[in-house]
Ligand code: ADP
């Protein structure tokens with residue numbers, strides 16, 4: 001990679017597209033941006049340079065954009081802001097790689113066709129992940145594109161961690177636990193040994209707490225269990241997703257309450273979690289600022305479920321050497337970290353109240369000097385993980 005050679009990273013979700021440009025062999029962030037509220041509300045775009053200074057903003061009050069129009073705008077924007085940078089590859093975040101893709105993969109027509117077959121496993125996300133791949137393929141067929149999968153990091157989990165207790169004929173059809181947020185956990189696993197070499201071999205539970213939230217047990221940097229399963233609705237309560245649910249509830253909703261598949265899906269994915277319990281907001285900041293008892297109940301439920309999941313993941317690891325917080329809530333909510341650590345005292349977790357309240361930027365230890373289990377904050381950076389994978393695939397080619 002020459003200093004001006006750059007990798008574009010695209011993270012396309014159901015209503016947003018995020019992009020970043022990393023340059024040179026050190027993969028320095030050059031600029032990043034996002035386009036939000038596709039399809040509903042007011043579509044907004046904003047971009048910042050490496051120092052966080054705004055380099056572009058726009059909104060579309062008349063009518064929201066769709067993915068295609070959003071991508072076209074982003075490509076135009078990127079082209080006019082390249083300033084001598086040459087795009088040598090594009091890396092994509094792809095939610096599902098099934099059982100076949102256990103690592104990053106160069107994307108060509110054949111791989112794309114194989115990934116399209118996985119759409120039923122992630123119908124809300126995978127089509128949006130694949131659309132920009134096709135758009136770039138059409139516009140710049142010579143630029144190599146790599147796919148990085150959220151499931152890949154979890155593929156080496158023990159068989160018991162991946163299985164549901166369902167008949168083999170169902171399991172064989174791919175109905176098993178996959179786990180998600182793998183790029184975030186892989187990034188955390190890469191940063192911890194830099195912070196403390198002893199963590200390279202440790203039993204670590206990491207919590208990625210954003211709008212989507214999950215936890216992962218890692219032994220020596222490898223995933224051994226995760227809270228998300230067949231889909232990203234399992235595990236912890238999230239912004240609008242319910243998390244783990246007795247499957248009998250789904251049967252009851254259909255049978256007794258007369259809900260159809262679409263209504264159940266909407267309930268579990270968009271109307272539950274922090275939003276559903278509080279009836280106020282899916283946003284942790286809003287709930288923390290509210291005096292409403294329902295806001296407190298929603299936060300308390302999330303804290304409780306994180307604690308239960310922590311115990312379960314520590315059991316899967318056979319011990320706990322470190323606890324890590326990441327994601328928008330994990331990196332910023334002093335109160336939530338304090339509550340989780342208070343409940344985890346039985347595991348040997350003791351917070352340094354001041355270090356926690358300081359809300360550190362960057363990788364930082366926030367536990368008391370005498371805490372048997374150190375507690376770390378590691379800012380999420382899935383984009384950099386994708387850029388690293390893209391670069392290493394490019395160098396292998
Ligand atoms: P996504 O999963 O969409 O990438 P983020 O990782 O950005 O989401 O996390 C968004 C969540 O982080 C929201 O619930 C938001 O309220 C929460 N959050 C961000 N900043 C703070 C803060 N200072 N205090 C508490 N929660 C915060």
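Each residue, glycine too, has its Cβ placed from N, Cα and C.
Lifted from TrEMBL, the feature list:
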BINDING   11, 382  Mg(2+) binding site
BINDING   18, 208, 209, 210, 211, 212, 283, 284, 285, 328, 329, 330, 331, 332  ATP binding site
BINDING   93  substrate binding site
ACT_SITE  150  active site, proton donor/acceptor
SITE      181  site 'Transition state stabilizer'
SITE      241  site 'Transition state stabilizer'
Margin query: Need one number for the ATP-binding residues 18, 208, 209, 210, 211, 212, 283, 284, 285, 328, 329, 330, 331, 332: the maximum pairwise CA distance in Å, whole number please.
Written below: 22
Check: Given the recorded positions 18, 93, 181, 241, 285, which one has the fewest other C-beta atoms within 10 angstroms of its C-beta?
Finding: 285
Margin query: With the Cβ atom as the reference point and anything under 6 Å counting, tell me which of the binding-site residues (11, 18, 285, 329) are near ligand 1.
Written below: 285, 329
Check: Between the recorded positions 150, 283, 331, 382, where is the Cβ count within 10 Å the lowest?
Finding: 283
Checklist line | For residue 93 (substrate binding site): DSSP state (helix, strand, coil) | finding: strand
Next item on the list: Select one residue from 11, 211: among these binding-site residues, choose the one with the most other Cβ atoms within 10 Å of its Cβ.
Entry: 11
Margin query: Checking the contact step here: among the recorded positions 211, 241, 283, 331, 382, which have a Cα within 10 Å of the Cα of residue 181 (site 'Transition state stabilizer')?
Written below: 382
Notebook entry, point to check: Is any of the binding-site residues 93, 283, 285 within 10 Å of the residue listed as 'active site, proton donor/acceptor' (Cα-Cα), and if so, which, in sequence order?
Noted result: 93
Next item on the list: Find the one among the recorded positions 11, 93, 241, 382 whose C-alpha lies closest to that of residue 211 (ATP binding site).
Entry: 241
Check: Sequence gap of 6 or more, C-beta under 8 Å: which same-chain residues meet both conditions with respect to residue 209 (ATP binding site)?
Finding: 236, 306, 325, 326, 327, 328, 329, 330, 333, 336
Item checked: Neighbour tally for residue 329 (ATP binding site), based on other Cβ positions within 10 Å of its Cβ -> 26
Margin query: Please report the Cα separation of residue 11 (Mg(2+) binding site) and residue 93 (substrate binding site) in Å, rounded to an integer.
Written below: 5
